[in-house]
């Protein structure tokens, strides 16, 4: 499917060269063009955040690989999440930084399609992966004796692989339908080729695309969220049954970091896409500067905070990081 997707890009690009009509070959990314002073400020802030994302998530990946004590399902999922955050931010942040300093804020049609595909693939994968991580915590707390059997290596590797597969398939299908649309405008009112912003530029009816998006959102966003809610409802119920406060605290500490990440991740998504909008806003091409900054928070802050949350809330990670920076980690 991926091969056909990229072949379609080449065919469309070739078609543009000979068709005797106006067909867009590049898009203009508006971003914060109306606020030139803010662009320099956000360039510095986002650059710092991106460096923190690379260092923080890179460190978590390294310690989850090199420390044999962390070769467990929980840290395997955490390593996947860190790698996912690096990939997700790399699909958009470098180009956004370039656009902040560039007068010609454009992206080619093929580049926009690839960015759209990668961004949606990473976002979908993270939704599903967070659901898998919630299930892992449920088994660890509610069925500890059966945990080694249920969460065997074959099981958790398959769960992670399934998350990536779901992300790639969903993104390939949705992106393929979007790039077949005819576009009569080239002003993307966003920092990157976000699929909803690109769809607004289409001259044709996009009701079919919207239906596919609703189905995909239900399967790959709301279903994992439902799994998370059910898992944590059972987890909290089990924790409350523990008689000692020390036991309750220990049980909750094993899943609190993941719960915080879920709240930040899904909280931002729900605020962005499900907050009430006026009729004028829905029919308008304008996107409020506040919405753009919230979108940036979703795309940058969450991947930056993930390693900080897990390292601050997890004793194993803190101990391994301490050994890593003391030099004793590699001398084992």
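Here the Cβ of each residue, glycine as well, is placed from N, Cα and C on the backbone.
Segment annotation: TrEMBL labels transmembrane segment over residues 156-179 (candidates 156-179, 180-203).
Range 75-93 is the one annotated as transmembrane segment, of 75-93, 94-112 (source: TrEMBL). From the options 293-312, 313-332, the stretch TrEMBL describes as transmembrane segment is 293-312. Outside the transmembrane segment (40-63) by six or more residues, the chain places 32, 70, 78-79, 82-83, 85-86, 89, 93-94, 96-97, 100-101, 296, 300-301, 303-304, 306-308, 310-311, 317, 320-321, 324, 329 with a CB less than 8 A from a CB of the stretch. Contacts between the transmembrane segment (252-273) and the transmembrane segment (113-135): present, as 3 or more C-beta pairs lie under 8 angstroms, all at sequence separation of six or more. Long-range contacts of the transmembrane segment (211-240) within its own chain (CB-CB distance under 8 A, at least 6 residues past either end) are made by residues 124, 127-128, 130-131, 134-135, 137-138, 141-142, 166-167, 170, 173-174, 177, 195, 248, 251-252, 255, 259, 262, 266, 269. Averaged across the domain 'G-protein coupled receptors family 1 profile' (56-310), pLDDT for the predicted model comes to 84.
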